[in-house]
Each structure stands twice: as C-alpha cells, then as structure tokens.
Amino acid sequence: MKHFEANFDGLVGPTHNYAGLSFGNVASLSNAALVSNPKAAAKQGLQKAKALADMGMVQGMLAPQERPDLYTLRRIGFSGSDANVLKQAAKEAPMLLNACCSASSMWTANAATVSPSADTRDGKLHFTPANLVDKLHRSIEPLTTGRILTATFSDPHYFHHHSHLPEHNSFGDEGAANHTRLCNEYGHAGVELFVYGQEATNPNAPKPQKYPARQTLEASMAVARLHQLEEDNCVFIQQNPDVIDQGVFHNDVIAVGNQNVLFYHEQAFLNTQHKIDEIKRKLDTELYFIEVPTAKVAINDAVKSYLFNTQIITLPSGEMVIVAPTDCQENPAVFAYLNELLTLNTPIKQVLYFDVKQSMQNGGGPACLRLRVAMNEMEVAAVNQHTLMNDALFSRLNLWVDKHYRDRLTTQDLADPQLIIESRTALDELTQIMKLGSVYQFQR
C-alpha cells in the first residue's frame, strides 16, 4: 500500500489584518497597524498549496474560522444587533474586538496535533485540536477547529477525533507547531518529537523569562496518551528558554523534521545531544541531524527569515525539497546557508521559494500555514474529497476569493457591520464548495 504525507493548508479568512495580537511573536508585534490585503493573502496561500499539488503532493485545504466572532463578544457582555455589538466593542474594548476578528486560524500548524495510524495502538489516525490558551485571539478557535477537522476527516473507521485539552495554562497546547515526526517511510512506525517550553507543575524547571512558553510538557504528554502512543514512539524535548525569549515562540520557528531528517538550529533545544541519542535508540534507521551553527545563522536572522519555518517535503521521486519564504532569499546569511546546504551530503536537494509575505508580516511562514497528516491510500480515499487541491478547486477558490474578499483592511474597518455580512456570505458559500456542512456558529 502507498503512503503519503499530506499537507492541509489553512485558507486565509476574509478578516486577515495586522492587529499585533501575538506577544512573543516579533513579526506580529512589529507590523501592528499595517494595512492588510486579505485577497492577496488568500491567493498567496492558494498559490503555494497548488504548487505542491502540482508537484504530486497530496494537498488539502482547511476552512477558516468565522470572524468577527460575535458569539464570543456576546458572551462577554456586548448586546443588541450584530452592528451594535461591533460598535460597542470598538468603542469600549477595541483590543477585544481585534482578538475576535483575527484570521490566525490560517496557521493550521496550530490547529491540532496529528498522529498517523502507523504509530497508534488502535491503528487509527488521531487528531487533538490545540487549545491555544496562551493567546486570547487563538483560544476561541478550538471548537470550530474540531468541527472543521471532523468534516474534513469524517470517516470514524479511519479517523479518531479528540476534544481539545482542558483550557488551563498547565495544559497549554499549540498543536503541531511543537511536534514533528521522524520515520524511515511515512507508513512505518516512527518517533514523534514533542517539544515543550516549560513544565507547568515544576516551578524549579527552566523556563523563559521575557516571553511566555506556550507549550507545556504536561500538554504534550496528555496528547501522547490520547493518541495511544507507546513510550518507544515518543521523545519529549525541551525548547531552549533563551531562544523563546528571542522570539522563537513555537518550535517550528527553530526546527523542522521530515522522515529521517531533523533540521534545527544549534540553540534550539536543551540537552540536545542526550535527546539525539534517545531518538537514535528509538528509531533504527539512518538519520540526518542537520545542525545550523550560530556562527552561520544568528537566531535573529533565523527568526526574521523563518529559515526553519520552512516545509521539508519528499517528492514522489523520493527527493527532499525545502519550501521556503522569499524572505530567506533576501537575508544574505540565510540564503548563503541554504545554498551551502544543497552541497552537503543530505537528502535535501532543492530549495523552492514562495511569496507568502501577507502571512509572514503577521508572523507565519510556509510551515505555519500547513498541518501535516501522514496517511495511507485508503485513508486518503476516506478524506472529504472536496477539500483536496486540484485544478477545479484551485479555480473555484480563486473565484470565491475574488468575489468576497477585500483588497484593503485596517483595524478600524473591523467595526464595519458590512464585514460581518461579507464574511458570513463567503463562509456559507465555502461550506457548500467544500461540502463541510454547518461548521460555523451562524449556521447552527
């Protein structure tokens, strides 16, 4: 049977804006109040997804969240008509309105943690939506995320969906952005790497001092239990607190893995060699640990360019390719390193550059925009086929974006009642295009 690693990219929502909501994310904060272009953002994401599909990759799309989130605004005391709720919130609590209008669900690396059937005791693919409790604007996502994932991976014979973890900082969970999987072949049992920022229940354990550690060891271990993983299939690694304090808010900003390759910065982890030895003990295959030294790429350059927030994909030919943002080309140190990497004795043979600047300016590169799902051909056949990228879906979604999206949006525009109508009309049509059913609150 054939096996694949599919990428499910987040479709950028109609309210994509730069509100600077993500403390600890340097790009998000430094670009606050820029004028955004939701139409361009959505099209940049679609272009990247279509390019991967054209390379022979299994490529899907995940629908965005409903925004503005009037349900949350009403829960916190704003009332009256929809227009009045927006008007009140804009006047009395503009930052809360901004949080309820974020299009951050585009970064589906934070949507969930996924364990393939080759690793789990029950032989099913497991999904746990991330609770994202560290950030208000993301903490309102998990329920709808769960509905969208269930509508996309709907066959219970193959897919096991869990609820998100308890909504408490002890179980802070940021999903696949802090998780990667190493294996020989996608269909073989592998080792899942769970990267955490702190131990919530151990006050003496190392933790960052400036920025929050969004992922806890307790959350990572809970997900591993839910997914029915054996101890021999898991390695729990602490991210270096010092790099979190330099803007590395998720592990996918400082490391990325694919099959038998782990590509990471030398400052990425604590006790690096000890953990590499553990991976080698648990995974009996030839492994490539590509460590990027600070002398060649400083942490600041890695964060600005998102060198590690790249995708490493294996093409049908077996060749590994890095999918990088054009920002990596524009940074001399990073571009020089990537060119050098191609001359080294590793499976990575090519770097492809994509313009995802609308996402990058909000702090999300190519790897943020995708959720990896390793599947066999029967599982791929069981996926909602209307969510899989092909010529027809690409054309239809581009027309849909042209029809419904603005090409200019400021934070002041978020209080425009017309934006609610535009967004709901667009999402209602999208659920019909992608055959998702009533996943949104306004449809229920």
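Including glycine, each Cβ sits where the backbone N, Cα and C put it.
Among the features that Swiss-Prot reports, substrate binding site is placed at 19-28, ASN110, 137-138, ARG214, ASP252, ASN362, with the record citing sequence analysis. Long-range Cβ proximity for ASP252 (substrate binding site), meaning a same-chain Cβ under 8 A and a gap of 6 or more residues, is found for ALA109, ALA176, ALA177, ASN178, THR180, PHE308, ASN309, ALA367, CYS368.
If you look up Swiss-Prot, you'll see GLU174 (among others) marked as active site. GLU174 (active site) carries neither a helix nor a strand DSSP state and counts as coil.
The active site annotation in Swiss-Prot covers HIS250 (among others). Less than 8 angstroms from the CB of HIS250 (active site) sit ALA109, ASN110, GLU174, ALA177, ASN178, ARG214, GLN215, CYS368, each of them six or more residues away in the same chain.
Swiss-Prot lists CYS368 with the feature active site, nucleophile, giving sequence analysis as the kind of evidence.
Sequence-distant neighbours of ARG138 (substrate binding site): residues of the same chain at least 6 apart with a C-beta under 8 Å from its C-beta are SER102, SER104, ASN110, LEU132.
In the structure as shown, the Cβ atom of CYS368 (active site, nucleophile) sits within 10 Å of 27 other Cβ atoms.
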